[in-house]
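Among the features that TrEMBL reports, substrate binding site is placed at Asn16, Asn63, Gly73, Asn74, Asn155, Asn185, Glu203, Arg204, Gly213, Thr214. As annotated by TrEMBL, active site, proton donor applies to Cys72. Feature annotation from TrEMBL assigns active site to Cys72. The annotation active site, proton acceptor is assigned in TrEMBL to Cys212.
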Amino acid sequence: MSGKAWPFEKWEGLGNDFIVVEGLPMSVELARTLCDRRFGIGADGVLVVRVDPEAAPRMQVWNADGSRPEMCGNGLRCVAAWLVDHGRVATGDGLRIQTDAGERRCDIVAAGPDLYQVTVDMGRARLTGPLVIPAEGAKGAEVQEHRFTCVDMGNPHAVTFAPHPPKAIDTLAPRVATLPPEGTNVELCRMTGPRRIEVLVWERGVGRTLACGTGACAVAAVACDQGLTPYGEPLDVVLPGGALTIQVAAGTRALTMRGPARRVFVGEVVTA
C-alpha cells in the first residue's frame, strides 16, 4: 500500500467516539470515509490536533457527514487526555486548548492506563430565545406545538423539558435540527431527581448519539434558568452513554463539565 501513514487513536467519551489524529490534512470526503462504520474506521467525528510550541494546542472537529462544528465537549476531554498521554504538554493542570468557539481550560483530575477523568471550563451558556414548531397533525391534537429553548454553547442547541416519548428523538428531533439555517443540536430532557436529568441527544451532522458534552451543558443551563435545579450545585446529566457532572454558576452561567475520556485502540490512516 503506497501513501503516507498517519498514526491515529480511537477515543471515546461516554460512547461519543472520535478518531484523534495530529496534523492530518482533512476534507469533507475524508471525514465521511474515516467515520463510516462499515467501510472506514467508524466514529462520530474526527479530531485533528495541531501542536504549536508558541501557542496553545488547537482542536479542529469534523462531523461524520463532513460538516465542521465549532465545539465538542466530549472531544475536548479526549484531546486533553491525548495531549497529556503523549507528553505534548508540560502538565494536565490548567491545560488550554484552542477551538473554533474559543480557548477552553482543561484539568486532568485522574489518569490511568487509557482512561482519564477530565474537568473542562466550558465557557458561558447564552440563552438566545425560544424555538416553537407546530406539532404534526396539530389540529385537534392534545399537543399543539413543541417549545424549545435555544442555547449558544459556542455551537447551537435546542433544549426542551416538555414530556416526549423516547421515539421523538428519531422523529421530532430531526425536524427541529434543520429549522435554523445553520442547523442545531437537539436535547430532549426530563428531571429524574433534584439534581439529576436524563437526556436524549440528536447531534447536528451526526444524528442520534450516546452523549454530547456541550449538549449536557446547555441542558444544565436551561434547567437552572427554569428553576428546575439550583445554580452552583453539581448536577448529574445522564445520557445514553453515561453521566457527566455539570455545574452552572449563578449570574454568569459559566459552566464546568467533568467526565471520562478513554482510548479504545490505535492504528494508521494511509493517504495518497
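Easy rule for this one: first residue shown is 1, then count along the chain.
Even glycines carry a Cβ here, placed using N, Cα and C.
Predicted, not measured: the structure shown is a model, and the values here were computed from it.
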**Request:** Rank the binding-site residues Asn16, Asn155 by the number of other Cβ atoms within 10 Å of each Cβ and report the first-ranked residue.
**Result:** Asn16
**Message:** I'm trying to understand the geometry here, so how far is the Cα atom of the residue listed as 'active site, proton acceptor' from the Cα atom of Cys72 (active site, proton donor), in Å to the nearest whole number?
**Reply:** 8
**Message:** Quiz question: given the active-site residues Cys72, Cys212, which has the greatest number of C-beta atoms lying within 10 angstroms of its own C-beta?
**Reply:** Cys212
**Prompt:** Using an 8 Å cut-off from the Cβ centroid of Asn16, Asn63, Gly73, Asn74, Asn155, Asn185, Glu203, Arg204, Gly213, Thr214, can you name the remaining same-chain residues around the substrate site, in sequence order?
**Reply:** Pro69, Met71, Cys72, Gly75, Val201, Val206, Thr209, Cys212, Gly215
**Asked** What residues, ordered by sequence, lie under 8 A Cβ-to-Cβ from Gly213 (substrate binding site) and sit at least six positions away in the same chain?
**Response** Gly13, Asn16, Cys72, Gly73, Asn74, Gly75, Leu76, Arg77, Val120, Met122, Leu244, Met257, Gly259
**Asked** In sequence order, which residues at least six apart in the same chain have a CB under 8 Å from the CB of Glu203 (substrate binding site)?
**Response** Asp44, Asn63, Asn185, Thr209, Cys212, Gly215
